[in-house]
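Feature list (source: TrEMBL):
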type	residues	note
TRANSMEM	48-67	transmembrane segment
TRANSMEM	79-98	transmembrane segment
TRANSMEM	119-142	transmembrane segment
TRANSMEM	148-167	transmembrane segment
TRANSMEM	179-201	transmembrane segment
TRANSMEM	221-243	transmembrane segment
TRANSMEM	255-277	transmembrane segment
TRANSMEM	289-311	transmembrane segment
TRANSMEM	323-343	transmembrane segment
TRANSMEM	349-372	transmembrane segment
Amino acid sequence: MENSSAERKQQLALDIADGNDPSDAAKNPDGRTKLQGLFKQLSLLDRYLYVWIFIVMAVSIIFGYYVKGVKKAFQVAEITSVSLPIAIGLWVMMYPVLCKVQYEILGGVLRQAGSLKTISLSVVLNWIVGPALMTGLAWATLPDLPDFRTGVILVGIARCIAMVLIWNDLAKGDADYCAILVAINSILQIILFTPVALLYLKVVSRGKGFHVSSWTVAKSVLLFLGVPLVAGVLTRLILMNAFGRKWYESKFLRFIGPWALIGLLYTIFVMFSIQAHQIVDNIGHVVRVAVPLLLYFGILFFGSLGICRWLKVPYPLMVTQCFTAASNNFELAIAVAVGSFGIDSTQALAATIGPLIEVPVLLLFVYIVGFFQRKGPSV
């Protein structure tokens, strides 16, 4: 999208990274004026996104804890053990991003030199390094909490096919490459989730009570990725043919752009409202569960960043690779935990803590990677 608020926000972060801090601005009034102008151009939603996320998280937990009947109201209808309001939020969140993907050039992207190397790296990071790292961290930090440990391991096995599109878009990653990796992870998720989960939960951890079928995973992928993906493809195909590319990119994409972040905030509100009592009543365990999750996101993200810099991967592809590796499919992890252990189980609570930590941490990473872009295309 041309001149989108997300792009202006990224440019603002990069200008700050370039040294336009208050001390420099005092020496250079023009730089200060430029910085203030860029900040004013951002929408209110984009300008204080991190503030809105923390406010929504806090309000939703307070709301869900003190207002009676919230959990029952939000769970009046479910899809594959996930609340229908959460599913709607995920669809609204993903639809604008999937409308921006240039599906017509994906074949050419796949044929580009080096694409096999970057895709192979993504598969290794997602399906070998990620689950093994999360299992190791869960055992190292939660040796006396087997049920919470199981939920954390489920989060590590469920590779992201949804919110990574948001993080990639905010950080100005390659949308087309991200769409390819999401598609690959979706297929591999259907094939590998069950055997990988059985390996780490039953063989490595010697756990009991875990039951999940490939169809359970397939339903989650089809509903939470397939529905908005089909909607995005059809929207792009029909509207571009009817009104032209210029109108589609300058008018339509600009109109639906804010929906992604609104959907994100709405999803956070519903999700944390439902689990408010579990979070507050188990706050000590919540803090402990946060430890392996924080270590996991940090190690995997910055490890991927280091590998990409060593391989001289261009910035847009590097961003996509890092966020794809570090993000997780919380809706699938929650659905599997609920289906296997029950809605009020500690395993389901641990899976819910995943996005509680992931959302603010990956938002922080969005701002951090912006500082690298000025160093050149090979950073």
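Count begins at 1; order follows the chain as displayed.
Each Cβ is built from the backbone N, Cα and C atoms, and glycine gets one as well.
With a cut-off of 8 Å on Cβ pairs spaced 6 or more residues apart, the transmembrane segment (289-311) and the transmembrane segment (119-142) reach 3 or more such pairs and are scored as touching. Within its own chain, the transmembrane segment (148-167) is flanked in space by residues 90, 93-94, 97-98, 126-127, 130-131, 133-135, 137-139, 142, 173, 178-179, 181-182, 185-186, 188-189, 193, 196-197, 200-201, 205, 207, 210, 221, 224-225, 260-261, 264, 285, 288-289, 292-293, 296, 323-324, 327-333, 336-337, 341, 346-351, 353-355, 358-359, 362-363, 365-366, which lie at least six positions past its ends and keep a Cβ under 8 Å from the stretch.
Of the two recorded stretches, the transmembrane segment (349-372) lies close to the transmembrane segment (48-67), with three or more CB pairs under 8 Å once pairs fewer than 6 apart in sequence are set aside.
Note on the transmembrane segment (48-67): residues 9, 170, 261, 264-265, 268-277, 279-280, 356, 359-360, 363-364, 367 of its chain, located 6 or more positions outside it, place their CB under 8 angstroms from a CB of the stretch.
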